[in-house]
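Since the structure comes first, as structure tokens, the remarks are kept for the end.
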Ligand code: SF4
Ligand code: SF4
């Protein structure tokens with residue numbers, strides 16, 4: 001028996017046409033969604049992508065995206081994330097190979113390679129499903145308070161899970177009908193094929209329904225990705241590679257712009273952010289790790305770094321004033337401690353975003369106007385009262401305040 005993949009087993013040519021039309025539509029929707037966000041990033045100030053940063057970032061990319069070291073700090077969700085991410089990547093590569101084999105007529109999926117391919121995809125598919133089930137359990141059981149529990153958060157996980165299960169069902173039916181002697185190379189599909197032998201629901205006649213349902217759900221997933229938080233699958237790696245990684249305490253005040261100039265990071269309206277800052281907000285996975293370590297947030301203040309990032313992301317459609325969606329209080333409450341930056345698995349720099357907004361949106365609200373005046377007086381006359389320098393001690397007259405220079409041992413007096 002020849003060993004090769006029969007991608008369209010038991011699928012009529014009409015159904016194949018429907019498949020390709022739907023595939024084309026989902027890819028167009030994906031590309032449109034990607035382009036839409038790309039256009040919005042570029043409405044920001046055009047920061048220059050420094051290739052030396054990209055070179056430095058390759059190490060961080062390996063550390064944070066491939067080894068997922070930051071995600072692993074929280075053990076249980078970290079393991080689940082690894083299973084889902086690695087499973088997804090392998091299944092994605094597997095789909096690309098099918099595409100090359102079937103549509104470019106380059107025969108890759110044959111012989112021994114095809115058997116190993118089936119085995120690897122089956123095992124990583126199981127890892128993918130276990131990871132998703134774990135995520136659903138952690139979220140549903142509220143085992144991590146930092147995780148959001150909206151309807152959409154569950155819907156994405158369930159959609160991915162159903163797509164994964166649908167793939168196994170289609171495989172199980174195919175193997176139970178074709179009875180190829182290498183079926184055991186797909187262990188999960190093989191076990192299902194044995195269970196399906198006597199089934200009336202999972203058989204050759206219903207294969208089209210299961211196969212098409214699986215395909216349509218996968219196309220829906222592709223189409224909605226750039227419009228949902230799943231977009232981080234693409235933007236997080238981009239951000240990790242392109243954004244200059246700054247350690248805590250490194251407060252960058254200026255950016256090198258594409259036109260060769262330096263620009264102060266002052267943000268009063270949304271498009272005052274640079275394109276890389278806007279891109280970084282699209283990388284947010286909404287994991288809440290930043291909130292979980294933020295001292296302001298933990299002490300019950302309004303500031304939640306995740307909200308700051310999400311509000312910028314969700315208000316990117318038009319050049320609205322920052323004050324219309326982020327309050328002065330939130331910005332003032334940040335202590336610039338950097339805990340959020342250290343915790344963020346996708347290298348979002350919250351301090352950079354917050355300080356840029358403080359500089360641009362709040363200079364008048366951060367300082368009491370009298371304090372600003374005092375600073376100017378101090379700079380000009382070395383007297384905060386705005387009087388000549390020689391009168392700067394007059395305010396203390398009659399108050400019996402000791403003056404250090406008049407004492408014999410100023411250090412002791414102090
Ligand atoms: S830098 Fe600001 S936002 Fe980030 S953890 Fe510290 S206080 Fe919170
Ligand atoms: S900003 Fe980073 S740490 Fe915070 S929720 Fe988004 S991805 Fe998670």
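Glycine too: its Cβ is placed from the backbone N, Cα and C atoms.
According to TrEMBL, the features are:
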type     : residues : note
DOMAIN   : 275-304  : domain '4Fe-4S ferredoxin-type'
DOMAIN   : 324-354  : domain '4Fe-4S ferredoxin-type'
TRANSMEM : 17-35    : transmembrane segment
TRANSMEM : 83-100   : transmembrane segment
TRANSMEM : 120-140  : transmembrane segment
TRANSMEM : 152-170  : transmembrane segment
TRANSMEM : 208-227  : transmembrane segment
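Residues 11, 212, 215-216, 219-220, 222-227, 231, 234 of the same chain lie 6+ residues outside the transmembrane segment (17-35) yet bring a C-beta within less than 8 angstroms of a C-beta in it. Residue counts for the domain '4Fe-4S ferredoxin-type' (324-354) under DSSP (helix as H, G, I; strand as E, B; rest coil) come to 16 helix, 0 strand, 15 coil.
For the domain '4Fe-4S ferredoxin-type' (275-304), the number of residues in each DSSP class (helix H, G, I; strand E, B; coil) is 17 helix, 0 strand, 13 coil. The average pLDDT computed over the domain '4Fe-4S ferredoxin-type' (324-354) stands at 93.
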